[in-house]
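As structure tokens, the structure follows; a few thoughts come after it.
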Amino acid sequence: MSIVILDFGSQFTRLITRRFRELGAYSVILPGTASLERIQQENPQGIVLSGGPSSVYDEGAPRPAPGVLDLNVPILGVCYGMQYLAHEAGGDVKRAGKREYGKADLTEYGGRLFEGIQGEFVAWMSHSDSVTQLPQGYQVVARTEHTPVTAIENNDTRRYGVQFHPEVVHTPKGGQMLANFLDICGVTRDWNAEHIVDELIEGVRAQVGDTGRVLLGISGGVDSSTLALLLAKAVGERLTAVFIDHGLLRLGEREQVEAALTPLGVNLVTVDAKDEFLGQLAGVSDPEQKRKIIGREFIRAFERETAKLGDFEFLAQGTLYPDVIESAGGEGAANIKSHHNVGGLPDDVQFKLVEPFRTLFKDEVREIARLLGLPDHIRMRHPFPGPGLAIRCLGEVTAEKVDILQRVDDIFISGLREFGLYDGCSQALAVLTPIQSVGVMGDERTYSYTAALRAVTTDDFMTAEWARLPYDFLATMSNRIVNQVHEINRVVYDITGKPPATIEWE
């Protein structure tokens, strides 16, 4: 049983799902036009109609399939969803006299959605249409200065609507509203990592059977490492995890992965392909070309190794729920594409996919990793790009430059951990620039590389702020780097947000 969120195009739809799961309720996102049969497959205890950019009067405006609003479950409409509920029930929706974007104070509020909430209520508004005439059976339960109909409810039909976003952090008490909706739906809040680990293991066993062999391409990141542990528990030696060392890893990463996974029962095969990757990258400076070469070489190395290992019926992938959401078009699951941890696979490779994490978010995978015993230094590690240090080494990639960058990166990341700053950053990295400049070391002139340090904070990686690291810490890092990595004589810190910059430099 679940809460089904019908997505009508809001940028915040994913947050609704996350908030419900944080409250202990399983929830799924389906296209706003999903069929009644598809929705009923989820056995919903409640439905949320998301916001979106459309107007209910637009030609071709998205709307739920026939019969959805007749289901005998509570329904919550958010922004466009509220307008649609009101419109379909016979109310009026018109272009607002004054648009509301950003924070607004509710001048009054009440009703079941607001039960237990007291004091000031700040809401995040984003709408150009408003409900101007209530449908029969509804009552207004919240207002702002400029929006007299900010929240509505019909307790007889259990239909509720809000003209703001309770799911965003800018609505501080929105979480309590969503919790109240779960109570209205009668949801048992038992969605947690402990509850689902056994289900995931049993699901893999049911799919693979008693004899099926499973192949996993492992990157060393939290998703594939956690998946390796889960599969090892599910099928034991019938799992083979292939870890390709392309020579573009962080310092000591190969050894860390082997030390973390092998003692926990993962049948791990490590492939040393450094020479092949660096050989193909020689003379290449364009970042997109570097990515393509690395993806191609991953395929080749993976094919060479798997040919030695015998036949596999199943290929496991660490696909997460955001991948599924982003890949689903209006037709729903039929348009979902595969996401390959190994950089892509040939079209003619015939595997059955095993994707236990396809309904999970990253934070849920991290919690499963904790339960399965994955060491914290891997479980809580910052994101690392598939092409590795190749896209943090600007210009041509050589073994010498990778060695320099590995040492700089290790000093920076180790320093963040030492000073207690690592967990406060969402991602931190070092970049080796092709810029060389004059410096003085001792009494001698130097002409060496410039290293750039970057750290950001973000909730979703769609936008990011540069991390305000202490000056004393940055000074310490600069001093350590130029003294321990003699090929570097200048260190800079990137203070650009996203946008306009991306988090990675290439």
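Cβ from N, Cα, C; glycine included.
Marked as domain 'Glutamine amidotransferase type-1' by Swiss-Prot: 2-190. Residues annotated as active site, nucleophile in Swiss-Prot: C79. Under the heading active site, Swiss-Prot lists H165, E167. Annotation comment: Swiss-Prot describes 191-381 as domain 'GMPS ATP-PPase'. According to Swiss-Prot, the feature ATP binding site maps to S219, G220, G221, V222, D223, S224, S225.
Candidate binding-site residues: G220, G221. Fewest other C-beta atoms within 10 angstroms, G221.
The average pLDDT computed over the domain 'Glutamine amidotransferase type-1' (2-190) stands at 92.
According to DSSP, H165 (active site) sits in a coil region rather than a helix or strand.
Each residue contributes its Cα atom, and for V222 (ATP binding site) and E167 (active site) those atoms are 27 Å apart. The active-site residues shown are C79, H165, E167; of these, the one with its CA atom nearest the CA of G221 (ATP binding site) is E167. When the neighbouring Cβ atoms lying within 10 Å are counted for each of the binding-site residues (S219, S224, S225), the highest count belongs to S225. In the three-state DSSP scheme, S224 (ATP binding site) falls into the helix class.
In the structure as shown, the Cβ atom of D223 (ATP binding site) sits within 10 Å of 21 other Cβ atoms.
Taking only the Cα positions, the spacing between E167 (active site) and S219 (ATP binding site) is 33 angstrom.
Counting every protein chain shown, 22 other Cβ atoms lie within 10 Å of the Cβ of V222 (ATP binding site).
Sequence-distant contacts (6 or more apart, same chain, Cβ under 8 Å) of the residue listed as 'active site, nucleophile' comprise S10, S50, G51, G52, S126, H127, V162, Q163, F164, H165. Counting every protein chain shown, the Cβ of E167 (active site) has 27 other Cβ atoms within 10 Å.
For H165 (active site), the Cβ neighbour count at a 10 Å cut-off comes to 24, with all displayed protein chains included. S219 (ATP binding site) falls within neither a helix nor a strand when secondary structure is assigned with DSSP, and so counts as coil.
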